[in-house]
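To start, the structure itself, in structure tokens.
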Amino acid sequence: MARPGSGLLVPVNGMGYPPQNLARVVVWEWLNEHGRWRPYSAAVCHHIENVMKGDARGTVVLGQVDAQLSPYVIDLQSMHQFRQDTGTMRPVQRNFYEPSSAPGKGVVWEWENDNGSWTPYDMEICVTIQNAYEKQHPWLDLTSLGFCYLIDFNSMSQTNRQSQRKRRLRRRMDLAYPLIMGSIPKSQSWPVGASSGHPCTCQQCILVNSTRAASNAILASQRRKLYGGTAGNPGAAGTLTVVRQSNTFAGTSLWSPTSTSSGTNNNNISVGGGQAKAEQVQLPVSSANFPRSPVMPSLSSAHVHHAFTINGQNNLNRPGTQRLSMGTARGAIPPGVPALPVKNLTGSGPVHPALAGMTGILMCAAGLPVCLTRAPKPILHPPPINKSDMKPVPGINGMRRKTKKKHLRRGKNPEDVVRRYTEKIKVMPDEDCTICMERLVMSSGYEGVLQHKGIKPELVGKLGKCGHMYHLLCLVAMYNNGNKDGSLQCPTCKTIYGEKTGTQPPGKMEYHVIPHCLPGYPDSKTIRIVYDIPAGIQTNEHPNPGKKFSARGFPRHCYLPDNEKGRKVLKLLIMAWDRRLIFTIGTSSTTGESDTVVWNEIHHKTEFGSNLTGHGYPDPNYLDNVLTELSAQGVGEDNLKD
């Protein structure tokens, strides 16, 4: 499919770069974990370009233009985006498009995600869609770009060819991306050297500058290898192997596989670091495409071993190599090279990954071999299990529980609930009511705000179990602000009176025994719990009645050892499920998404065979801890029937 103005820059003058005197639209992009280049917004790109004009080797603080990007900075020297709270680094690139293309006109194409919000397409796809739209094509097939989607401009929808699922799409106008004139740089390989001025001494700048200094040392070392040890035949043809990484420090080569000349004069060029996952592309290398020059010396040699590496900031952002179809391959780590994980390090401090990454860079700069790798992935699920191997849990009837709307309890009369769990006090002590913060000898702070027959503002009651005293009108106000399920909870000691219920949306809970052991419990089988809650509409008991709520990550699988204490925990979890206490609707502490189903302060183990995230085994204290959490929700061992 022809895609004029798509951002694919064809080779000119033997190199993959545009003529040097044309106007171009600049789009800055970052490489995500799936190997896709994602564009920054036009406002962010303008900000980056403005910083570049002042200091082409400086640091761009993205939070200055977009509050959602406050953890991120871009180091223009190494062409990496750095996340300050986790230490994660991702390659960035400065890409160029025609002024008449979508970014030059400020056109943004977006698709509607599961949350009901809009996600912009990759810039390459956005340009292609806009081009077809301007030519008044009724539809557009994205198969040629590697996506099995069909765009229908009449219905403004995107259809998945495999699942036939449709999503809405939209075209909106935004700020146009920055336009540059004159000479366009062949690459963003900035010169190595110190910037002018006195460095800032804040922790953020110290961390960024130390990373930049380490990167500079590596660049200098690699250039010495590049220009000092390559010689060859200018007419030789070979194969260019481009390896694009998706590591935390992807784009910076920490080791270079050796390239030797064979009978067919093939040469290998490694781009990126030594990481277990790599993406490879093979391109023909000839004197027509890459003439011999100081920028790209010939790589063929009959007797010399090359350690030729093109760094991420020199190659990943080159227009000649960025629109390539990637095939997944696995790169090997050279023998004897220590692997330095940069994720899930022992310890709780978020700076650890950053320190690990900088340690690896400094070791490499000093000539020590090191390879930054990803830590082992958590083992979330057991091996495949036949349905016939799933057995009921001993001592527990059935294997499934459901919660439906008909199970929701109606509110009870507030005055009756308060009177049920309190007794009136005739002589009030000289202390505060911790609900309204007025003295108990005075009237309730809710006087004039709430009026209930039979409960006067000056009446004081004492809770039966814990003995704490409050204005009765304050207790009524507290009950009205809660779930209104017929229970009370002392605001001082959290003692629960009655049966506390939650606001968990409808769903189902399954539980059974599987023939596998958890780490730390070699003599016990495993109880697997499966929670499944679909998305839906919030009701009056939820934060935003009438609004949709999402349900991410379902079905969720959780695990308990099949022993006496594990079965006791399961019985209490079933009781908590029936009382709708396992989940609630709120804001996810992991993703920050609001109006979504989240855990409700009762921890579960979701890793089956590891404990890399803290949600797995072995954990000798977990069963006791979860019993304490259940008791805090009013689901204690005293609730179990013998």
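Any Cβ shown, glycine's included, is placed from N, Cα and C.
For 399-411, the entry in TrEMBL reads compositional bias 'Basic residues'.
Sequence annotations record features per position, and here TrEMBL assigns domain 'WWE' to 14-94 (among others). Taking DSSP states H, G and I as helix and E and B as strand, the domain 'WWE' (14-94) has 19 helix, 29 strand, 33 coil.
As annotated by TrEMBL, domain 'WWE' applies to 95-171 (among others). In the predicted model, the domain 'WWE' (95-171) has a mean pLDDT of 89.
Positions annotated as domain 'RING-type' by TrEMBL: 433-494.
Summarising the annotation, TrEMBL assigns region 'Disordered' to 382-413.
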DSSP residue counts for the domain 'RING-type' (433-494), split into helix, strand and coil: 9 helix, 14 strand, 39 coil
